[in-house]
Amino acid sequence: MSQVKRANENRETARFIKKHKKQVTNPIDEKNGTSNCIVRVPIALYVSLAPMYLENPLQGVMKQHLNPLVMKYNNKVGGVVLGYEGLKILDADPLSKEDTSEKLIKITPDTPFGFTWCHVNLYVWQPQVGDVLEGYIFIQSASHIGLLIHDAFNASIKKNNIPVDWTFVHNDVEEDADVINTDENNGNNNNEDNKDSNGGSNSLGKFSFGNRSLGHWVDSNGEPIDGKLRFTVRNVHTTGRVVSVDGTLISDADEEGNGYNSSRSQAESLPIVSNKKIVFDDEVSIENKESHKELDLPEVKEDNGSEIVYEENTSESNDGESSDSD
């Protein structure tokens, strides 16, 4: 019973520390002005070792315990493990020297596995709220900007965290579709010419379809936003072993002191859902009338050609007469 209480106390203590932990931003690199989120974390592990790795315990520890941690979020170190180095197995013999090649490992009679302590340095990507990061833009829409950090981690900047004086320019999707359809209609006539001129490459319509996007954002100076973009971390989401970052392009002074978000209306703060056609109730009723027309059904007749007459159900009338007679 005391062990259960002790486990509950430890769990509550861990929750309290995690809840009230002070967020500390990572140091800023003076060369590029971004936060250095990659840190070295020395850890000690008590690991098991399979019998097949007794001759080479370092390889066994790496394959069994360290390699599965790489490029995954680890809650104990608070980030994504990028790699490790400096693996050392501690000798169970306290009298042995550190530079000895042979290490004493604990083995019990009930299992063929060995157990030992080891020290290793983990390189962890730990983004914190308030850090300044850079990412390459890979998607732009009216509701957000999607970025890729270090070609591995996703980041998103929502519309509410984009400056008000920025404007999103939509691509004319209908014109691109017309170009594709026109090119497909004329593809039979120009197929041989396109192959000769482009070396067997695809036609213009397919090229337009491959490069079609939702649009792009334009800043206050009218310059399109593309390539690498610098932002501030607003929130870090850890779902399972995957990490995603929410960023903002608005400084704290503009957001708090000047009431930045209050300048947006409630309609602008709502998420944007793009629809090609908005159907109203009147249009729905008209479409239903046109689609649901009366069907011309043939008359059902008996074998001799006479019309079928359905008699009314006389059970109710018989019940009424019987009740009156009673």
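Positions of Cβ are set from backbone N, Cα and C atoms, glycine also.
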Residue carrying phosphoserine as stated in Swiss-Prot, selected out of S96, S101, S262, S285: S285
Record feature phosphoserine (Swiss-Prot), assigned residue among S156, S213, S269, S274: S269
Per Swiss-Prot, the candidate from S208, S220, S244 carrying the annotation phosphoserine: S244
Structural state of S244 (phosphoserine), classified by DSSP into three states: strand
Distant-in-sequence Cβ neighbours of S244 (phosphoserine), under 8 Å, six or more positions away: F153, N154, A155, S156, V236, H237
Count of other CB atoms lying within 10 Å of the CB belonging to S251 (phosphoserine): 13
